[in-house]
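Some features that TrEMBL has for this protein:
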type	residues	note
DOMAIN	92-250	domain 'Sodium/calcium exchanger membrane region'
DOMAIN	279-417	domain 'Sodium/calcium exchanger membrane region'
REGION	1-36	region 'Disordered'
TRANSMEM	70-89	transmembrane segment
TRANSMEM	160-181	transmembrane segment
TRANSMEM	193-216	transmembrane segment
TRANSMEM	228-251	transmembrane segment
TRANSMEM	272-294	transmembrane segment
TRANSMEM	314-337	transmembrane segment
TRANSMEM	344-370	transmembrane segment
TRANSMEM	404-424	transmembrane segment
Amino acid sequence: MASNLDQPWLLENGNPKGLSKEMRHGRTAHNMSSSSLRKKSDLKLVSKVPCGLLRKILANLQEVILGTKLSILFPAIPLAIAAECYGFGRPWVFALSMLGLTPLAERVSFLTEQIAYYTGPTVGGLLNATCGNATELIIAIFALSEGKIDVVKYSLLGSILSNLLLVLGTSLLCGGIANLGREQKYDRRQADVNSLLLLLALLCHLLPMLFCYAGASSGVSTVDATLQLSRASSIVMLLAYAAYLVFQLWTHRQLFEAEEDSGEGGDGSEEAVIGFWSGFAWLVGMTLVIALLSEYVVETIEDASDSWGLSISFLSIILLPIVGNAAEHAGAIIFAFKNKLDITLGVALGSASQIAMFVVPLCVVVSWIMGNNMDLNFNLLETSSLALAIIATAFTLQDGTSHYMKGLVLLLCYIVIGACFFVSKTPLHPGNNVNLATVPKATEVLFRSA
């Protein structure tokens, strides 16, 4: 039997990498990242309550609401609801809703992990894969119902860019500075798989855009053809993501195992702290609250844009992903400090791949059902930013080692892209967004008339 030293993929930071116990409960890098922001609850006072039912309710409240370092942000949820009900300033509703979504996203990860203790690794892994980016998906669905397809495209593009450049860049920069005297290594095979998925997603975004420009040069309308191509590409992407889940959860599970972290800030417990039905009820309740706040965000984003003097593209691409995924991002950076880059890469690349290969094509299919014609043409500036981010990330991760300079370059790329959308004042197109496909044709007509 071959040893770990004969199998370089089982080495981490030059040392043999032990198989994790976490995958027995479907626990992946996404959960490990969020666990770094959790804190153990002291149930001594609750245990003295004589009534068993009341004691159980209080214990659940303490574990779910107070069991995170982000519990200080929970008051933003009732404040956002009150601001909406009593007609406070719409920008305040937007800001409070964004703050309220931050702890909710982390708690959803905690609850899916708790449920996974009872369902086993396969169902738990599928649950994690589905709920991993629940906030983005819910916001996108509400935006689609409002006909704000530009907001959907901007927010999902921003989530991919923030994971690839901001989260990964900051993690590699901070991890490299904190571990200057040590060589940082990671399992390159996981990065290769995610890079391939992102390149496939990029191809599916590029072709509709190039198809529009090719049709414009010949004076042929390509709106319907672009929409059909986008829907076909979305189905292909969903099939590819399904194959990726089989690859991740069954055939090559060892590539995605999260190393157990029982140190400070980690959750080394192998036992669930709440029951199955309690966790399920909390998960449903949290999802409903996320849906409510997401509706507030979608309804007030234009008012916030007008009040703050920021373009909707900047709010959607930069601000929404940063605030909505702050807990997950902070966890990835913390594990980079601990020189656990496999977990950091699992969070950043895994989340980017899930949005690109699952959330985006699912939104195209949902809009198809709703009658809103969302396509995969994200326009030239947005698609170019996505392409450069994916290519820069792929080059950064090609050798299996890391240092702070790689992280700095990725972070600077994100700053430049953010500055680009900060100065961009592209108006929001209500309703059907495929009218943007006529821009190349209008440009062509303009040049001909000149």
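Including glycine, each Cβ sits where the backbone N, Cα and C put it.
Caution: TrEMBL annotation is automatic and unverified by curators.
Quick caveat, the model's predicted, so the values are computed rather than measured.
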Seminar exercise, completed: Per the Cβ filter (under 8 Å) with a sequence gap of at least 6 from its ends, the transmembrane segment (314-337) is approached by 30, 32-37, 68, 70, 98-99, 101-103, 105-106, 109, 135-136, 139, 150-151, 154-155, 157-159, 161-163, 166-168, 170-172, 174-175, 178, 261, 265, 297, 301, 304-305, 343-344, 347-348, 351, 382, 418, 421-422, 424
Exercise. With DSSP helix as H/G/I and strand as E/B, how many residues of the domain 'Sodium/calcium exchanger membrane region' (279-417) fall in helix, strand and coil?
Worked result: 116 helix, 2 strand, 21 coil
Exercise. Where else in the chain does the transmembrane segment (272-294) make close Cβ contacts, counting only residues six or more beyond its ends and a cut-off under 8 Å?
Worked result: 41, 56, 59-60, 63-64, 67, 77, 80-81, 97, 100-101, 104-105, 107-108, 111-112, 114-115, 117-118, 131, 134-135, 138-139, 142
Exercise. Considering only Cβ pairs under 8 Å, which range in 70-89, 160-181, 193-216 makes the most contacts with the transmembrane segment (344-370)?
Worked result: 160-181
Exercise. Same-chain Cβ contacts of the transmembrane segment (160-181) under 8 Å, 6 or more residues past its ends?
Worked result: 198, 317-318, 321-322, 325, 328-329, 332-333, 335-337, 339, 341, 344-345, 347-349, 351-352, 355-356, 385-386, 389-390, 392-393, 396, 402-414, 417
